[in-house]
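> There's a structure below that I have some questions on.
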Amino acid sequence: MSVTKVHARTVYDSRGNPTVEVEVYTKDGMFRAIVPSGASTGSHEALELRDGDKSKWEGKGVTKAVSNVNDIIGPKLIESKLDVKDQKAIDEFMIKLDGTKNKSKLGANAILGVSLAVARAGAAAKGVPLYQHIAELADMKKEPYVIPCPFFNVLNGGVHAGGNLALQEFLIAPVGAESFHEALRLGSEVYHKLKALAKKRIGSSAGNVGDEGGIAPSLSTPFEALDLIYDAIKEAGHEGKVKIAMDPASSEFFQGDKYDLDFKNPHPDAKNKLSGAQLGDYYKTILEKYPIVSLEDPFAEDDWEAWTNFFPKAGVQIIADDLTVTNPERIQTAIDKKTADCLLLKVNQIGSLTESINSAKLAYGAGWGVQVSHRSGETEDTFIADLVVGLRTGQIKSGSLARSERLAKWNQILRIEEELGASNTIFAGAKFHKGQLL
């Protein structure tokens, strides 16, 4: 079944910035996808095409990307008569049409919008749910499907929030839950305790939320943040069942050859500028004190030496995001250098569904885990909820239990778990790192 019409438009993400929405039509109907965008982006990501016209949207317009879909990709795709069930052929067709290494001609945001909408059309053409279609595209085992352990970003720092806290994300993972339904309940209960505790200890403004729905209190050190979270877990009665994870997003505070933990402070203290080795020791102190199970982007995207030195001593899951940007070449280098053991999978970093699947399978082949991720500039699109189930990754982060663009993903996974039923699902829980093997 081929595409009969393609239409793109500008819509808005959760930050109020323009982004690309694409509608693909077949004889089965209309299929839509919206492209997300990040704030802390890796410099090696595929190019998100923005207009750069400062007189409109502060230069963040996507009218060029929208035009590229409507005037170039759409007509060529219709003319090609490619079958929407053949995701690989369509994605490769668009990549060839672009002709650049990082999709800078047409824009990764233009290509990805079409790619994801086509996947929905392909699922409909086969008469199967999107997660099943993705599993078949990836040659993954299907039933019982693996339902992921959610990682909730409950406290925001770094470039996602105010205050002086350098590290970007503090997450909770209900690894001791029996199901996704229970994991959401545990997460919700801890989140509400955390908000109440923060307001009590810091003031009413401490309950304000950041870009991803976590609270964004004015804190200075990760120890303050982790104490709050650990106390909230204990007060909720879920100690042991709910663990902690962190994403420092270290590329954001890597300056010269040092990591500046005071980078948000207008009056920084020189003693807070650390070498890679010193930062590694700092993390080890944190890991010894708190029930942490995962650490993402502990070092900057090109500080290979710090990654390689730290990984063997870490003792927890180490996730590569800015280091690998879902790019097969970067992933292979990271594997060869033994820098991490988990890939953060963001579809808009690479720019097509097929390439995202290939990146996940490359990571799996090296014995790595894969964590599917949203972006900080999100929308109501729920594609990644089906993606995480289809790819059996066993883990996903999609913000907190606040803000509808985050809850959209959590609620979709709830629906999938319910639709499949207990006999056809395995909740990853504490085995989140090896979801694909369950």
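Placed from the backbone N, Cα and C atoms, the Cβ positions cover glycine too.
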> For the Mg(2+) site, Swiss-Prot lists ASP247, GLU296; sort out which one of ASP211, ASP321, ASP322 goes with them.
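Answer, per Swiss-Prot (Mg(2+) site with ASP247, GLU296), from ASP211, ASP321, ASP322: ASP321.
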> What three-state class does DSSP give GLU296 (substrate binding site)?
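For GLU296 (substrate binding site) - judged by DSSP and reduced to three states - the answer is strand.
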> Just to verify a number: CA distance, ASP247 (Mg(2+) binding site) to GLU296 (substrate binding site), in angstrom, no decimals.
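That separation, Cα to Cα, works out to 4 Å.
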> Enumerate the residues of the same chain, ASP247, GLU296, ASP321 excluded, that satisfy the criterion Cβ within 8 A of the mean position of the Cβ atoms of the recorded Mg(2+) site; list them in sequence order.
GLN168, GLU169, PRO248, ALA249, LEU295, ASP297, ILE319, ALA320, ASP322, LEU344, SER373
> What is the Cβ neighbour count of LYS397 (substrate binding site) at a 10 Å cut-off, with all protein chains included?
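Taking all protein chains shown, LYS397 (substrate binding site) has 28 Cβ neighbours within 10 Å.
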> Expressed to the nearest Å, what is the distance separating GLU296 (substrate binding site) and LYS346 (active site, proton acceptor) at their Cα atoms?
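Taking the Cα atoms only, GLU296 (substrate binding site) lies 14 Å from LYS346 (active site, proton acceptor).
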> Roughly how many Å separate the Cα of LYS346 (active site, proton acceptor) from that of SER373 (substrate binding site), to the nearest whole number?
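So the alpha carbons of LYS346 (active site, proton acceptor) and SER373 (substrate binding site) sit roughly 5 Å from each other.
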